[in-house]
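Chemist: Pasting a structure below so you can have a look.
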């Protein structure tokens, strides 16, 4: 699908369709008022007859409106004008895309980007419209033999901006939006892929392909089990012992900052391509969704793709910690004591608390990069789902400025996170009689004790942890990966690169 921006009055648009907003109760947006005036009150007359109230989600498609060059006008209900916020704006865009796609409008000029969204500028509205449009049109049908497609799918969308001065920011918004949307799609595709296809080797192949595509400043190294043994990554290795698929850690290095002393930002993604729970096996119901336990790695991959596509002036390293947790004769057991790469020992009380065992060795491994910051992304705890539900990602950090940056980026991107405390009192729950720590700390504050466990391996750098157990995928009828938190991390890196959308 093609996107562009232009600046022009609605009556001069010659297109298959013009899209404008209507507020409650039957109140035309400024652009709709212009069209109504040119059409001698045609639109307002329809509203007076009760054709459209302007409630959110309502639509009315008009054909051959008098004195209008475009074939059709699509009126979209936007709710009450004063209540139009970021979330509702994106819902309006989503409804617009679905309606255009369903009605065979192959191209359209959209004036919804001129609606007032409190605290958000033209760049934000155009970029969010692009991201929302791509999200709305996403489908995962690679493995289906019969693929359903619209007879006349939407192919071109033009976003109108109020003045020519805003064309540059609009074009940049499209560029950024497309790169982020492509990263989200890549993450969703990886997450939705079945575990008999998407194993650690598959993740490694995708990482290598990324380096091939962006060979100018991306290199990928894949570390296998033999090298992990030499490095002392015994906790990581233990988790994969029960699987016939080799554990592989893919390290994607992007260099965009020419300064020799520029330190990298490191992103670490938990990549459990299937988590049966191991010896502490999970219930059968819903176990199919444990293919999504690699969504952290999928998100990191998507972000690295965005960074490479936009050629951001940063150094960024993405680590995909690929592994599979299965029961078997070689599987690790409750009661085992593991010596991690850091030298600290861990008593295994539950083999289904495996993500932190993989991550702790990776968090030690990345010390060698002398990072400016490290952010790990993991579907880590069901406790985070209980705490924050399926709408907000859990955030923990040992560095207040980094946490504030991530929260700000999450708000701007519409990919929200909420900070949970890493209070010392929770560390006591990880005490073990037989090792330096246990791998679980009981039910109370389970998301926080998992973060406390990881914090013991991150003392040499600024670190943040994103628990995406509740936000990485949806269940039920809309089942599928969400691609979160690609948007959050993309905004964080755009901010670091100086593109904060305040132009």
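The backbone N, Cα and C atoms fix where each Cβ goes, and this holds for glycine too.
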Chemist: For the Mn(2+) 2 site that Swiss-Prot assigns to 270, 275, 354, which of the candidates 212, 293, 336, 376 is also assigned?
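Modeler: The record-listed residue among the candidates is 293.
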Chemist: Would you kindly give the Cα-Cα distance separating residue 275 (Mn(2+) 2 binding site) and residue 352 (Mn(2+) 1 binding site), rounded to the nearest Å?
Modeler: 8
Chemist: Fewest neighbouring Cβ atoms within 10 Å: which of the recorded positions 270, 282, 356?
Modeler: 282
Chemist: So what sits near residue 275 (Mn(2+) 2 binding site) in its own chain, CB-to-CB under 8 Å and at least six residues off in sequence?
Modeler: 282, 290, 293, 324, 325, 352, 354, 355
Chemist: Going by DSSP, is residue 356 (active site) sitting in a helix, a strand, or coil?
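Modeler: The residue in question, residue 356 (active site), is helix (DSSP, three-state).
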Chemist: Would you mind ranking the binding-site residues 293, 352, 354 by how many other Cβ atoms sit within 10 Å of each Cβ and giving me the lowest?
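Modeler: Counting other Cβ atoms within 10 Å of each of the binding-site residues 293, 352, 354, the minimum falls on 352.
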